[in-house]
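Colleague: The structure that follows is given in the form of C-alpha cells.
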Amino acid sequence: MQSRPPTGARSLREQASLRSATKAMEGLTGPSGDESNEASQDPINAAKRRRSEPEVAIPPWDSFFARQVSVSLPERGGDFRVYQAGDKGPLLFCLHGGGYTGMTWAACARQLASNGYRVAAMEMRGHGETTAAPPNDLSLDTLVQDAIAVWRTLYGEERPPTVVVGHSMGGAVAVHAALSKVISPLAGIVVIDVVEGSAMAALPFMITLLDQRPKSFASLQEAIHWAASTGLCKQISTAAITVPPMLRQQPDSASVNAHDDAMQSSPTASDQDAHPGPLDPITEDAELDISRPATPMPDAVPDEAPALEGRWYWRTHLQSSQRFWEGWYRGLSNHFLSVPAPKVLVIADTNRLDTALTIGQMQGKFQQVLVPQAGHAVHEDNADQVATILTTFMKRNRVGEPPLSFPKPAALRKS
C-alpha cells in the first residue's frame, strides 16, 4: 500500500508555494489583501484617510521619454504605443510585465538615455495606450509576433545593436523574440524577476491574489496612495509615475458596452491553443504613424459589477488571460539559456532560481544580479541600480563599440 504524506507535510508544501506566489505577484497585488479590502470594510474612515493624504504630483511622460509614437500595424490588429528615450547609441528594447505599461521603464529610461543609450518601451496589446485587437489575446505567440513587428517597423532598416529587456511576462516575450533571429544584431538579453520554476508554482494562486486588488478607485490619488501603502511600489514617487497609466477613468456606459462586445467577440480557450507553436512569419507592410495619438481601448471593467461613472478601473483585466499563463512560462529557463547572446538575470531573491537556472549559473551561462529589498518590479523599486546594471552590461560586452584590436607580438611583426 502506498503511504500518503502527512497532512502537515502537504500543508508546508502548499504554504511554500503560496509564499512564492505571493512574492511573485507582489508587484500587482501588494503583500496581502488586507489593505485592499480595508476601504470596503470601513468606507467612512477610509474616505477620511484619503482626504487627509497629501496630493502627489503626477509627472508627465515627457519627463522621462523624448517622444511617444503610435506604430500602425494593420496585420497585427491596430496601433502599438512606444515610448522612446535617447537619440543615438545602441538600443534597449524593453517589454513590460502583465498589467504594467511602458511607463514602468520611465525612471530607468531617463538614466540610460543620459548614459548614451536609446530606449524603446512598447506597450503590449491589452495594455496602456495600445489598441491592437483583440486586446485580450495575450498568448505568447501573439505577444512575440507583436514585439518583433514593432521592432522591425521602427528599427528594421537601421538595425542598431539591440539588447532585449523583459520583466515578468515581458521576460518570456523577450526570450522568444530573441530566439526568433529577427532582432539582429542581437547584442544581449536581460530578464527581470521571471523564473520558470517560481512562476509555475505561483499559477494556482494568481487568480486569488489578483482578486484581492481593489476593482476601482475614486481618484488617481487614491490609487497612488494604495499602491504605496500595500507594496505595489516601494516609493510613493514611483507610484505616481507608474500607477496612473495602468488605470482608465470610466466616463459613461457606452464604453462599458463596447468592452462587453469586445469580450464576447474575442477568442475563447477553445478557439486557440494557450501554448505557443511555431512563430508565423511577419508581413512587411507595417506602417509607422506618429502623426496621431492612439485610439483609447475599451476599459477592462470587471465583469462581476457594473462600472461606475468617474471611477478609475484597471486597463488590463488580467484574470481573463488565465488560459495563457502556463504558456508564458513553461520551458522558459531552457529557452533563456539557449539564447545565443550575453545574458543577465536580475532578481530580488536567490530562492527563486529553479534547477535549470541554478545549474546554468554555476556553469557560467549567464550573469545573475541580485537586487535585495526590491519587490517584483525590481526596475521600478531600484531604477538607478537597474540602470547601472544595464549600463555595466552594455559596457562589459562593448555593445555598439568597435571590437578590440590587439597589437601583434614583436616576433610576428614584419620587419
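Each residue, glycine too, has its Cβ placed from N, Cα and C.
Sharing the record's features from TrEMBL:
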type	residues	note
REGION	1-53	region 'Disordered'
DOMAIN	93-387	domain 'AB hydrolase-1'
ACT_SITE	S168	active site
ACT_SITE	D193	active site
REGION	249-284	region 'Disordered'
ACT_SITE	H376	active site
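For each listed feature, how buried is it and what is near it?
Modeller: Secondary structure from DSSP puts S168 (active site) in coil.
The Cβ of D193 (active site) has 27 other Cβ atoms within 10 Å, all protein chains considered.
Cβ contacts within 10 Å of H376 (active site), excluding its own Cβ and spanning all protein chains shown: 23. In this structure, H376 (active site) belongs to neither helix nor strand by DSSP; it is coil.
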Colleague: At a 10 Å cut-off from the C-beta of S168 (active site), count the other C-beta atoms across all protein chains.
Modeller: 28
Colleague: Please report the Cα separation of D193 (active site) and S168 (active site) in Å, rounded to an integer.
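Modeller: Roughly 6 Å, rounded to the nearest whole number.
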Colleague: Express the distance between the Cα positions of S168 (active site) and H376 (active site) as a whole number of Å.
Modeller: 8
